[in-house]
């Protein structure tokens, strides 16, 4: 294969596929077969054998390098180009678009050979591009027909047409390809299976009557899937999807398992509870007296049978089944639930709690059987409407059961759902890695082609070198003259050279003469290019994969289809000049998954076209680009006049030939086609001079640089000819009409305008205008006064005017031609023209939406706001990459929508009365396509359960469950998680860090910088003036001045982010001698343009502000992309004098800056610090006290004492205790506090005590630490403020102001007290610090989201303001129909005529931007969004009564918002947090960064090793019977059978249901009894055999307890059920034992990885949980003090409210997942009558009224949701993702924990006394008893000896030595291991003090050598004896039989010895046994070679070992 690649292919590589070609292939196959037997073994092992070339796969486009296809060869069979198929019967066909199709060369259907005209015709049709288009159109039309809900009759015929076309397509394919026998035939492509099934079904349903046809007809929907097979990019995405589904199998198993366990627990706990209802009692119509109590008791026990005998007239069953007797809350379909425990829901007066009727929600929500319980838990896990289930269950069972939900939500929901995300994300990552690796591989092939070219041109090079001295000079200087293939490729572009190339190939003999001229040219070019590469640019540093040639050679195949390949992987970034951190992010990211050659380049021309594309200004260029462009811009030979030699093509791309941007893009062909304006080039050029100044100091480099420019010009011109797409007249037109420079005066005007418009201040002004304009738009609200709206409209006109003026002035200044070359300008122009159009159409009805286009102006901010820019880019990138995914998602949604409509549409119509009271279709139904689509979309948003209940009620359970589950799993869990994974991948810290336009300051920063400078200047002048006034301070002035100047210069030298700011201020830069090091000296070097001033504040990409000493700067860790690249510029700058701080380097300063050393090692000093800061002391002399004598000394001693007290850990413990107590006290202040007088008084006193204690603590700390230290610590500030709050409220109480509103609100701030606990708990502090670290970026994203949402909010205000008002009847709460009340005035009329009507608004609406935000938050969290959506869909106009679904397509506003506002922005939060998490880990996690992969593996193995030690096994009992039992019990089989029993026990528990018959109950009782007996038996057996050792094992104690409980439970079941949890629960706990068995099952590795990840994340999750609890605690107390008395409605009722601490916690836990927060917020939004009564009295309390405080309520809930839902929960996700990836790495490592455990388990058997030694003779058995990978199978003597294990006296070997040797064998040798090994031994010694200190006296190797020497001597002696014997015996040999018998063994001995010669230690290697992976060379080389090699190696190794031992 390799050879065939080497020939650079060209247009002459195409040959027709003829009969001869076929014969040749057949002959090759025959030869192969003949060769085969000999090489059989080799072939099998050769996994690195030839593989098909990925660029020539079927379906791809022909690589560019092959040139154009000769027209006569299009659509004709050609010989296969891919060398892999050289001996396979295939041929290819290329169509006009150069797409490759591969066919089998065997006969199709046994009849049609490849040369048959019918087949040829079929092939021609098949490959024709129109054929695909036809099929595509057919499918789309078919899809349109499928969306019809009641299709008319004529569609039947259309169906036949479709079927006909599909049949025709399949026939063509079958004729062209063959049916199914060979490769590349019809059925070999899985996509064709789909076609085949679809067609078969079409015919089957047509001719065979199969009953339920509609179900079968739904199969037609699968046709939509065919689009996937037709659009190429989609196949890959689907591939990725299928991959991730495969990967999900483990997670799915785990999920199902966990859910089953939880469902079992739920079944046991809540079985039948949800049927408890409030029954009216006594019955109102009762005419007789009944002793209620006795009756009631009977009824419960015998379900009413008891008294039916006594009273015939009253039928209990009927009574309780009658719905009307239950208690219903208004507007509810289900009766109110209740429970009989004290903390469950109580019934109102006159009702009792009875189990009756069906379960809630049509009976589908229950725990009555295992399957319903499972469904309920699945719903809990996906968190859909779970607050409903939560409330129902707590109401029926009691509030204590909240614990169950906490567990399920945290372990089940968060963990499992995020595992799914983690797995999908990892599958995606791997897919990405694969594409990158493929690209690397291509690059390697590419290098081979280069080599080939180099060889071809070598002779020519000599000639060329002689001819041109210049070129020789260059190649000499340039080092190795590597020829860039661009010489041949670039020239291949022009047709002239193409012919020459052909000639060259055909006439290889006359190679030299034919191409002489051209080659010389090429040589000159490549040689000089070489010099560029070496000196000017140094692109090809060693190790960099980005060699410069590749830029020019973009025409080559691999670069075309590579997408991201140019991006060097991270690990090379140190060596490569360009660090591509964001490698797939900036460029071509749409190709992350796709094979879209099409998307990258349409065809030949456009490829050529975009080879060198100048940059669009506004885009942030990847740093690599800017590097090159800087360097190239610095070249002096570039033309400086305003006019550049430029050429334009139709796309408006200007390429400035010879101009600076000729090289701007090293990644030319992959960049967005954009442009650069002249002014900008000028600006950039001046600003970037200094970059190449150093380069140009060197005369040779200067000369080279000059020649470089000319070369570029040549190459470019040659390219130019080949790439002008448009006819020349276009260019003339562009130059004439679009570039205006006609006359002098005009140019002057233009110049002036340019100066003004391009000034940074103008930019600043425009930005301010944009902000103001946005404000103006956001000020719209309802109702508005006339004046206000007129002000707004005038403002709008003004702003439109300003923006229009800006646009026209810019056009004048820049010429339209250049103006529209820049993205931002096009955007501006678009918006301005829209605004003007909108002004014209202002009065046209229905076009008001145009106003919302003004909102796009907000995006202009992105120009100067990096984060917004980044967000838009991320969304852009993702949308690119998501393009295909979105299509797939759309197809899935479409398919399910159609399936739903076809399957359930009719049932919705027929059974509508089941689900709707008025027999009208509800809003969510599947009767037509649009509504069906909405339901599917809603399921994708995660809301499936409610729509599914409706569906199950009308259309039957099984079908609905199946369809909804499929949508849920496929759509939501897989596709949406893939979405998220894509987002996370296009999101990375690099994008965050270096968002700024790479090295251009943006204009705003320049403007702000100028202002800053002005202010500084004024300040300095004033200061100087003051100082001059006081001459005595002259000296000070002299000191200050140079520093000031230095400071100003600092600004300038930091242009272009290159130099890092040093220190906080230059005053610190003293080197060791205390003199300030002269940065000035290096400053002069830079020629600085004024546009380069930089303010650090505005420049987010400079994150480093700490001085870094040279040694410690680690480029990997800096965030700015620049650094890693510029560090390499160092190499070339060694000539520069050392003082200069060359760019990118951290400035070389001798000693680290002051104040740095103490920071590194904070030593615990035992002395207090100074009280005040130095400045204070300087200003107020009185603060200086001598501590040597007098008062000062006393003071100092006092401080020391205080310091000791404060530092004492008892003090800390005491304070923590106090904090906890005071926090706890807050929890008592609920609404009942007034009734509990004693508690109230106690709390008041306690409060005072706490306050005094905290004040004392504060004073002590002040004295001990001093103000300076106390007030520089953030935690102390927190304490200080909280103490202040208590102090103020205390004082107020004392003065009698306690009833003041302000003081009351201050008291609520006491809720912050628990925050003080934060600094005291290590775990929480870690989490908080991590969070605080993330806050800046979270805030950034939050701001950006707000801007993003602002647009939707303003749009919502435009669409819906004031339209949500409606007229209702407030007694029933029903809305009047439009026929009754049509508008506001009619409603008013009703009100005046004393009707119970009211004109009312929806609480959450779009009347202003603030409320708009609230509504959008509800929509984005999918809570309460329904009401908003219904209101929007029903709205008509302001002051009109809404009408049902009048405005149906308003749904789309919400759909769009959910996609962009919710999916994107909320997931960005996850992105930011995960990202920050990783960055912080990098900051703190020191050791990993400095370890190689190998070391890491070894280190991890060792870490695990260290924690283990051999244990004494339980001795086998001496008693014979006990011994037998012992053997039986310790066998693995026993364990497994117990496991099986446990599982069976579970199954029997699953069978249990709530309404099972008596018989069933009895059966289950007996089965359970059997199990109890069996488990008791196990327990007894183990007790007998293990004796007292039984209790040393945790699991056994666990079993024992469970068994005891089961037995007790059997006898006392009734009693226990009454008071405790049902005993059956303990059986569930047994399931935990399954965890043990997982170790024994090989296949469960994946599941164990997942559990391992969970175990690893537990500590972190515990910390986050603690933090979350703290937040909940504080909010609960706030809630109690603010919302305790609000009206009970919507989500607030008798159980869920803020009245007591417990209730508040229950509510807040529910909102943690954002569930149901809208319901809790609604009552709080009631601000006055008639919604609530501000004067209402509450008995037992002085508070009046039940109104809420809307602003406090909104703040409370929104802040809580942001903190808990977005932050804490996402941290949870981040931890899990992190640990999952770690766990996966762990499981991928060769040695895991279990392997070591297994080692020690086996060890116990061989070393029963735990001596830690084993005898040498046992070693072989021991090694063979292990499991792989440590296993060394027998025969293993040789290998073990070769390991050279140290032995102690008595031939014993220590377990560690064995383990080390075995580990080394698995991991491979490595030098650094010895150090680690020593560490490990020390650690082992520490953990096992018992380890015998042993002196090895010999080693296995030495022992063997001694043995061998003995054997050699023996053998020589024996041989001598033998010879004697043989001589004697030979004469009488035949007679003497006995001797012969003696002789044979000796002979055998000799033979064995001969064999043994090969096994002496010197000669053998530790050849890996078959179990370990074979080393590749050892397999491929013949045996003999291997022995030879091994022999020598081993001898060396032996020597080394011996020497090291000495």
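Cβ coordinates are placed from backbone N, Cα and C, and glycine is handled just like the others.
As recorded in Swiss-Prot:
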type: COMPBIAS; residues: 1156-1167; note: compositional bias 'Acidic residues'
type: DOMAIN; residues: 1906-1935; note: domain 'IQ'
type: CARBOHYD; residues: 285; note: N-linked glycosylation site
type: CARBOHYD; residues: 291; note: N-linked glycosylation site
type: CARBOHYD; residues: 297; note: N-linked glycosylation site
type: CARBOHYD; residues: 303; note: N-linked glycosylation site
type: CARBOHYD; residues: 308; note: N-linked glycosylation site
type: CARBOHYD; residues: 340; note: N-linked glycosylation site
type: REPEAT; residues: 111-456; note: repeat 'I'
type: REPEAT; residues: 1514-1812; note: repeat 'IV'
type: SITE; residues: 330; note: site 'Binds Mu-conotoxin KIIIA'
type: SITE; residues: 362; note: site 'Binds Mu-conotoxin KIIIA'
type: SITE; residues: 910; note: site 'Binds SCN2B'
type: SITE; residues: 917; note: site 'Binds Mu-conotoxin KIIIA'
type: SITE; residues: 921; note: site 'Binds Mu-conotoxin KIIIA'
type: SITE; residues: 946; note: site 'Binds Mu-conotoxin KIIIA'
type: SITE; residues: 950; note: site 'Binds Mu-conotoxin KIIIA'
type: SITE; residues: 1375; note: site 'Binds Mu-conotoxin KIIIA'
type: SITE; residues: 1430; note: site 'Binds Mu-conotoxin KIIIA'
type: SITE; residues: 1444; note: site 'Binds Mu-conotoxin KIIIA'
type: SITE; residues: 1490; note: site 'Important for channel closure'
type: TRANSMEM; residues: 130-148; note: transmembrane segment
type: TRANSMEM; residues: 251-270; note: transmembrane segment
type: TRANSMEM; residues: 761-779; note: transmembrane segment
type: TRANSMEM; residues: 791-810; note: transmembrane segment
type: TRANSMEM; residues: 847-864; note: transmembrane segment
type: TRANSMEM; residues: 1242-1260; note: transmembrane segment
type: TRANSMEM; residues: 1275-1293; note: transmembrane segment
type: TRANSMEM; residues: 1302-1320; note: transmembrane segment
type: TRANSMEM; residues: 1338-1357; note: transmembrane segment
type: TRANSMEM; residues: 1534-1551; note: transmembrane segment
type: TRANSMEM; residues: 1563-1581; note: transmembrane segment
type: TRANSMEM; residues: 1594-1611; note: transmembrane segment
Sequence-remote partners of the transmembrane segment (791-810) [C-beta within less than 8 Å, at least six residues beyond its ends]:
753, 756-757, 762, 766, 769, 772-773, 776-777, 779-780, 784, 819, 825, 828-829, 831-832, 835-836, 839, 854, 857
State, in range form, which of 130-148, 1242-1260, 1302-1320, 1338-1357, 1534-1551 has the highest count of Cβ pairs under 8 Å to the transmembrane segment (251-270).
1534-1551
If you measure from the CA of residue 362 (site 'Binds Mu-conotoxin KIIIA') out to 10 Å, which recorded sites from the list 910, 921, 1430 are inside that radius?
none
Between C-alpha atoms, which of these recorded sites comes nearest to residue 1430 (site 'Binds Mu-conotoxin KIIIA'): 910, 921, 946, 1444?
1444
At the Cα level, what's the spacing in Å between residue 330 (site 'Binds Mu-conotoxin KIIIA') and residue 917 (site 'Binds Mu-conotoxin KIIIA'), rounded?
14
Spatial neighbours of residue 946 (site 'Binds Mu-conotoxin KIIIA') among the recorded positions 340, 910, 917, 921, defined as Cα within 10 A: which are they?
none
Hey, does the transmembrane segment (761-779) touch the transmembrane segment (1242-1260), meaning at least 3 C-beta pairs closer than 8 angstroms, sequence gap 6 or more?
no
When you measure from the Cβ of residue 1444 (site 'Binds Mu-conotoxin KIIIA'), how many other Cβ atoms are you left with inside 10 Å?
13
Most Cβ neighbours within 10 Å: which of the recorded sites 330, 910, 946, 950 is it?
950
Tertiary contacts of the transmembrane segment (1338-1357) (same chain, 6+ residues out, Cβ under 8 Å):
774, 777-778, 780-782, 852, 855-856, 858, 861, 867-868, 871, 1406-1409, 1412-1413, 1415-1416, 1453, 1457, 1460-1461, 1465, 1468-1469, 1472-1473, 1476, 1762, 1766-1767
Please report the DSSP secondary structure of residue 340 (N-linked glycosylation site), reduced to three states.
coil
I want to check the contact list for residue 917 (site 'Binds Mu-conotoxin KIIIA'): same chain, sequence separation of six or more, C-beta distance under 8 angstroms. What comes out?
none
What kind of secondary structure is residue 950 (site 'Binds Mu-conotoxin KIIIA') part of, going by DSSP in three states?
helix
Run through the domain 'IQ' (1906-1935) and tell me, per DSSP, how many residues are helix, strand and coil.
27 helix, 0 strand, 3 coil
DSSP state at residue 362 (site 'Binds Mu-conotoxin KIIIA'), helix/strand/coil:
helix
C-alpha of residue 340 (N-linked glycosylation site) to C-alpha of residue 910 (site 'Binds SCN2B'): distance in Å?
41
Around the Cβ of residue 921 (site 'Binds Mu-conotoxin KIIIA'), the count of other Cβ atoms that are within 10 Å:
16
Coarse DSSP state, helix versus strand versus coil, of residue 330 (site 'Binds Mu-conotoxin KIIIA'):
coil
Work out the three-state DSSP category of residue 910 (site 'Binds SCN2B').
helix
Residues that sit under 8 angstroms from residue 1375 (site 'Binds Mu-conotoxin KIIIA') by C-beta distance, when 6+ apart in the chain:
1366, 1367, 1368, 1369, 1441, 1442
Inter-residue Cα distance where the pair is residue 950 (site 'Binds Mu-conotoxin KIIIA') and residue 921 (site 'Binds Mu-conotoxin KIIIA'), in Å:
11
Helix, strand or coil: which one is residue 1430 (site 'Binds Mu-conotoxin KIIIA') in, per DSSP?
helix
Kindly assign residue 921 (site 'Binds Mu-conotoxin KIIIA') to one of the three DSSP-derived states: helix, strand or coil.
coil
Rounded to an integer, what is the Cα-Cα distance in Å between residue 910 (site 'Binds SCN2B') and residue 950 (site 'Binds Mu-conotoxin KIIIA')?
13
Other than its own, how many Cβ atoms are within 10 Å of the Cβ belonging to residue 362 (site 'Binds Mu-conotoxin KIIIA')?
15
Starting from the Cβ of residue 1430 (site 'Binds Mu-conotoxin KIIIA'), draw a 10 Å sphere and report how many other Cβ atoms land inside it.
16
